[in-house]
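Participant: Just dropping this structure here.
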């Protein structure tokens, strides 16, 4: 391929021609300059023949970019996960410290261990459960004593012609506390009371004997003891004083489960508990009636004796 370029005039030739006069175009000598060759862009036949080579090069760059992005995203994800986990641990530790502040035995400890907090919490829950059951049993006994007192007062009021006492209305919380014992299964309470069960049974016979001796002493010190007829040996010994008084355990560390041992459902448990309370109230009413009859006979005998003594004086 040949390229023709017009050679520019040299300054020497132009100067000589100017000095010599007018010149024609053919009279000036031509100086040949080296031509400037423009290299054409050759087509990439190898790339056309193997298109996978160019794709691999581009894919390598894309893969490197994706790997960098994945590394950045993984680092960001790990950092955010660590921040969330750190925040969760701090919140959990603060809640552990709050729980330790609620427990009585760890309230004064500055940094208790988590194991001690968990063990103290379990012990505190078991103690609270025992206290609630004890309170429910004691409240049930107090309610039965109050009912017996009200019944006796109404009988005396009926004899005197005075208006009877009405039964006060109890709230829902009262019945909820009374039924607190029924919310727990026997299996839940078995581990709580198994250590104190032997001591409880050992003290039962001694306490019953002490209660019998106290009743005998009250009978001997009663002002109407010499006028009260002695019951036969086959009849049970009626308690002296107030019949509605129920013997309470003086040195009881754990309550005795008064609810039935078979727990089918809550309604059945409640019915059985109410039946037991009704039977106990009926027994107390019978004992109270026997005691009232004895007191009336004793009072009549005393009045008769006083009348006879006054008649003898006159």
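Even glycines carry a Cβ here, placed using N, Cα and C.
Remember, TrEMBL labels are computer predictions, not curated facts.
These numbers come from a predicted model, not from an experiment.
Pulled the feature table from TrEMBL, pasting it below:
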- 1-25: compositional bias 'Low complexity' (COMPBIAS)
- 1-85: region 'Disordered' (REGION)
- 74-85: compositional bias 'Basic and acidic residues' (COMPBIAS)
- 76-128: domain 'BHLH' (DOMAIN)
Participant: Looking only at the domain 'BHLH' (76-128), how are its residues distributed among DSSP helix, strand and coil?
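Facilitator: Once the DSSP states are binned, the domain 'BHLH' (76-128) shows 42 helix, 0 strand, 11 coil.
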Participant: State the mean pLDDT for the domain 'BHLH' (76-128).
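Facilitator: That region's mean pLDDT is 89.
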